[in-house]
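> According to TrEMBL, the active site, charge relay system annotation covers ASP192, HIS230, SER402. As annotated by TrEMBL, compositional bias 'Basic and acidic residues' applies to 659-668, 771-780, 927-954. What TrEMBL lists as compositional bias 'Low complexity' is 670-700, 784-813. Sequence annotations record features per position, and here TrEMBL assigns compositional bias 'Acidic residues' to 955-966. Annotation comment: TrEMBL describes 478-613 as domain 'P/Homo B'. For 642-708, 753-819, 888-978, the entry in TrEMBL reads region 'Disordered'. If you look up TrEMBL, you'll see 1-19 marked as signal peptide. Here TrEMBL flags 839-862 as transmembrane segment.
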Amino acid sequence: MKVTAAIGLLSLAAAAAGAKHTPRNYETNDYYVLELDSSTAPDLVAERLGLRHEGELSGLDGHHIFAGKRAEQDIVKPEIQASRRRKRDLDGFDILDGVRFAQRQVPRAPWEKRAPPPVMKPEPQPVVVRQEVDAALAQQQQQLMKTLGINDPIFDVQWHLFNPVQKGHDINVTGVWMEGITGQNATVAIVDDGLDMYSGDLKPNYYAAGSYDFNDHRDEPKPSLADDRHGTRCAGEVSAAKNDVCGVGVAYDSKIAGLRILSKLISDADEAVAMTYDYQHNDIYSCSWGPPDDGRSMDAPGILIKRAMLKGIQDGRNGLGSIYVFASGNGAAKEDNCNFDGYTNSIYSITVGAVDRTGQHPYYSEKCSAQMVVTYSSGAGDSIHTTDVGPDACTDAHGGTSAAAPIGAGVYALVLSARSDLSWRDMQWLAMDTAVPINLDTGEWQDTIIGKKFSHTFGYGKIDAYSMVQAAKTWKKVKAQAWYYSPWVHVNTAIPQGKDGLAVSHEVTSDALQQANLARVEHVTVTMNVNHTQRGDLSVDLISPDGIVSHIATTRKNDKDANGYVDWTFMSVAHWGEKGIGQWTVIVKDSVSNQHQGTFIDFHIKLWGESIDEKKATKLPMPEESDDNDHAKIQTTTVAAATTSVSHPPQDTGSLEAHPTDHPDRPAKVKTTMTAVAEATTETSAATPAQTSASAPPGTQGAQGAPTNSNWISWLPSFGASTKAQVWIYGALALIESDDNDHAKIQTTTVAAATTSVSHPPQDTGSLEAHPTDHPDRPAKVKTTTTAGAGATTETSAATPAQTSASAPSGTQGSQGAPTNSNWISWLPSFGASTKAQVWIYGALALIVAFCSGLGIWFFIARRRKLRNSPRDDYEFELLNEDESEGLNRGEKGAAAGGKGRRTRGGELYDAFAGGSDDEEEFVGEGYHDQERSRSREDRRRVSGDDEEQHVIGDDSDDDSDDEVVDEKQRLGGGRQG
């Protein structure tokens with residue numbers, strides 16, 4: 001193993017010393033990414049698989065690229081699986097044991113650029129009345145240009161930087177420039193279709209070391225296709241130099257890099273490298289692209305890209321974290337929503353939407369709960385004026401959310417220029433805290449618990465560069481990240497159609513957050529599974545304990561997909577700064593009444609935010625493909641149907657808590673409750689059948705001193721079955737118990753159908769407590785509730801009557817007042833299992849009984865058929881008395897059977913078959929056979945008439961003697977004569 005480790009280190013060193021990038025030819029080669037443990041040598045793995053090791057995948061520790069001749073199928077995974085199947089000896093070793101992850105790289109179509117889409121609305125667009133330039137503002141602009149030495153010819157029409165027509169509708173950046181903050185020491189990488197590094201506007205600030213062409217695998221990401229203009233235009237918005245070519249960028253002294261990935265087919269491995277390329281120097285990654293904005297796509301980055309982005313967040317910028325800026329998307333006219341895009345709804349992204357030059361929402365900009373801010377772009381008859389491909393080319397036609405994201409990236413470059421020590425989460429806090437709400441008369445703004453306003457259309461508002469930079473100068477950095485994961489809540493309930501939805505709640509206690517080391521919420525994610533035959537009919541709301549509503553999914557008329565939501569994660573930034581303690585409610589709606597139906601399967605919630613104790617904070621593990629494969633391991637909750645209409649109370653507008661210091665204790669366990677009209681909910685004690693004592697071992701004495709049954713299941717009901725059958729029965733029960741072994745710890749509830757109306761309690765209207773001193777003791781459980789009406793919820797940790805509900809619904813009390821089970825199998829033993837488990841148990845028993853009955857019937861019918869075909873019993877040999885023996889011998893063989901002893905029927909059978917073969921040589925006439933059949937029937941009648949004198953061989957007989965036995969053996973041995 002030491003030799004293997006040494007070889008591995010040498011291989012890594014060689015890879016590091018080699019070329020940083022090896023050009024890849026997917027037309028002639030196959031490429032594989034393998035994650036290897038630290039003791040596994042890549043060269044040995046390559047030799048074992050017949051591949052060529054091309055080095056470590058840049059940015060991802062332990063991930064290596066292997067190449068081989070192009071094949072029709074994946075040749076690596078089958079080999080790894082076969083190796084693991086062959087491994088039987090625990091001491092055996094195969095180099096493939098060190099492979100932790102393997103993925104064949106298949107080039108796919110690049111993501112779509114988010115350029116301005118064509119107008120899709122059928123109705124006529126409003127006529128834009130072009131306003132005149134305000135003379136005072138124009139004079140102010142000229143003075144500014146003179147002071148800053150700006151001579152760029154199109155600066156006066158770069159209204160997003162200074163708007164001389166609509167006062168105040170710009171990013172308010174000139175005051176930052178006046179302070180000398182122009183982007184120094186900050187680098188922005190444009191991840192796009194390349195950039196023209198020879199443009200007069202970009203050449204002065206071009207950062208070659210941070211640039212690469214992942215489409216053509218060359219150092220310079222220069223545009224080569226006719227439509228490779230998108231990246232250059234975005235780059236000009238950020239870093240166009242102050243000169244006399246076109247205009248200026250938001251951070252015109254920042255460095256600009258280009259990473260070309262959108263012009264050709266690309267693999268996940270190449271995109272992953274691009275997202276972390278030179279991440280110690282590339283501070284910000286501006287991404288104006290994503291899945292198709294068609295109102296039906298639902299795509300997320302692959303596992304390698306997810307790992308790369310997490311790597312950038314954790315280790316980029318020397319541990320401060322890379323900053324990812326994404327355009328929200330241009331599919332609003334097609335009812336698209338940026339929460340169906342796995343890039344924009346990532347907690348690691350700052351998602352930027354668009355407003356036009358008048359501050360109105362343009363028809364294309366997508367809404368979603370993951371949108372942090374908006375900024376200016378095309379609309380209202382104008383677009384963004386910026387750099388284009390060519391030595392001195394400019395454009396006045398850049399727009400869409402593609403143009404909004406780079407403006408945001410430029411502002412964040414200014415912030416880093418002022419405070420380079422800020423983390424990726426500090427940047428998100430500042431973006432949220434300094435955004436300016438606009439269009440407050442739309443009726444969609446919510447007042448959050450920290451005194452901010454949030455809108456799904458505008459996020460927290462438009463970016464204000466001056467406010468953000470000023471706030472950054474004195475910003476107190478937030479503590480390290482922490483997170484809370486709820487258990488999977490299993491619903492498995494049909495979703496009603498119409499205006500009402502299916503509401504399920506999970507309660508988070510202060511002790512649960514203490515256990516998670518989480519002080520306050522930043523992002524909230526909900527991973528869920530919903531089966532539906534037309535996905536676009538669905539919408540989902542998330543309501544926090546403070547009453548803030550996130551529309552995490554909306555209906556989409558073009559989405560006809562029949563797969564529903566499969567482990568899809570939605571994200572919201574609407575709950576920023578909340579404590580997170582209390583009821584979190586998920587409401588799934590199917591608002592379109594048609595033939596398409598759906599079922600809410602399960603979900604779990606994750607709260608992400610600032611840690612309580614930074615010393616206890618840890619890095620988030622790298623994502624795995626199996627992260628959401630634990631559905632059946634956590635609590636099960638069952639509802640029949642529950643619909644709800646939700647009203648929301650006024651929200652608290654208290655001040656933002658800067659650094660909370662309350663440290664609630666950790667909880668002992670999690671409790672889940674489903675609430676509905678007809679309901680009685682209980683929680684069983686933590687003891688499971690596996691934890692109870694077993695019966696005495698074989699040979700031990702019972703209570704009365706008598707030996708107990710040596711069978712290990714003797715103390716259990718036998719069901720009238722054999723021991724072997726009992727083993728099968730209880731083996732099946734053990735499997736059921738192992739699948740649901742958490743039901744005794746976490747409450748399981750069955751809810752009757754109900755249509756209810758849910759109203760949330762009034763919220764605290766005071767300000768957020770800065771330094772609370774209440775430290776509640778550690779509770780026994782964390783409560784989770786599914787809301788579907790008024791019901792009775794009870795909990796019994798020790799199964800005591802005092803802990804059961806006193807308000808069980810009608811029909812649940814017996815004659816003596818004791819609760820009775822209304823289940824159809826309530827009169828049968830429950831085995832301490834849940835109702836669902838009991839159904840499986842008795843279903844299995846019914847199948848076993850049916851099988852045994854069928855088997856018995858089959859044997860009976862088979863025996864009857866055998867008797868009809870052969871009257872003599874092949875399994876029983878009977879002794880005959882002397883008269884019968886002599887009679888039979890006379891009728892068949894005459895003197896051949898002489899002697900006194902009793903003759904066996906076995907001898908008779910022997911003689912009959914053996915003699916028959918000889919007789920067939922002498923008699924062939926039909927009359928002979930008829931005579932033989934008649935005589936045989938007469939013999940059988942004589943034999944059956946003397947049953948009282950017959951007995952089975954092996955039984956004792958008083959009149960048998962040793963001599964008679966000997967004589968009998970002699971006769972049996974010499975009964976046939978030739």
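Glycine is treated like the rest: Cβ placed from N, Cα and C.
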> Any idea what the Cα distance is from ASP192 (active site, charge relay system) over to HIS230 (active site, charge relay system), rounded to a whole Å?
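Cα-Cα, rounded: 7 Å.
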> Kindly report the helix/strand/coil residue split of the domain 'P/Homo B' (478-613) according to DSSP, in that order.
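Per DSSP, the residues of the domain 'P/Homo B' (478-613) fall into 10 helix, 77 strand, 49 coil.
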> If I restrict to non-local contacts, at least six residues apart, and a C-beta distance under 8 angstroms, what lies near HIS230 (active site, charge relay system) in its own chain?
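In sequence order, the residues whose Cβ lies under 8 Å from that of HIS230 (active site, charge relay system) (at least 6 apart) are LYS113, ALA115, ASP192, ASP193, LEU262, SER288, SER402.
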> In the predicted model, what is the mean pLDDT computed over the domain 'P/Homo B' (478-613)?
97
> I want to verify one value. Collapsing DSSP to three states, which class is ASP192 (active site, charge relay system)?
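Going by the DSSP assignment, ASP192 (active site, charge relay system) falls within a strand, counted as strand.
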